[in-house]
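J.: Annotations per TrEMBL:
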BINDING   H4  Mn(2+) binding site
BINDING   H4, N5, P36, G37, S38, M39, S43, H60, G61, A62, G63, K130  GMP binding site
ACT_SITE  H60  active site, GMP-histidine intermediate
Amino acid sequence: NCHHNYVQKETHFGAEVYLTRKGAISAQLGQLGIIPGSMGAKSYIVRGLGNEQSFCSCSHGAGRRMSRSEAKRRFNTLDLEAQTKGIECRKDKGVVDEIPGAYKDIDVVMQNQSDLVEVVHTLRQVICVKG
């Protein structure tokens, strides 16, 4: 488990700085991390490549394609059931805003950050616990 909203004192470009990672994780050279997909998507175990231009960081997930309120307007529980078929998870109106269709394609996101991390393992979603 990786926290993805925090401030940490680090050295970058020869200076000590307080780096804020919001929706991002550390991807220092050789450092392991996890990039979870949405309720219906793959997740990834990754190893950081230490890319200084990104302050040795990478995204923590796919990111939203639409706001929570837009997802609630656009989707219903039948859509949620269809998009999470075969995955044990909540399928009630309280989590419709977390529907996979509300998120960007995690595979595209991973391709776009291939200069930041290398994929060590790909995990298939079986159970998703939403707090």
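Each Cβ is built from the backbone N, Cα and C atoms, and glycine gets one as well.
Map the listed features onto the structure and describe their local environment.
T.: Annotation for H4 (Mn(2+) binding site): same-chain Cβ neighbours under 8 Å, separated by at least 6 residues, are R21, K22, G23, A24, I25, H60, G61. Secondary structure at H4 (Mn(2+) binding site), taken from DSSP and collapsed to helix, strand or coil, is coil.
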J.: Excluding near sequence neighbours, so keeping only residues 6 or more apart in the same chain, what lies with its CB under 8 A of S38 (GMP binding site)?
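T.: Expected: G61, A62, E98, I99, P100, A102, Y103, I106.
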J.: Around S43 (GMP binding site), how many other C-beta atoms are within 10 angstroms of its C-beta?
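T.: Within a 10 Å radius of the Cβ of S43 (GMP binding site) lie 18 other Cβ atoms.
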J.: Within its own chain, what residues at least 6 apart in sequence put their Cβ under 8 Å from the Cβ of P36 (GMP binding site), listed in sequence order?
T.: S43, H60, G61
J.: Among the binding-site residues listed here, G61, G63, which has the most company in the form of other Cβ atoms within 10 Å of its Cβ?
T.: G61
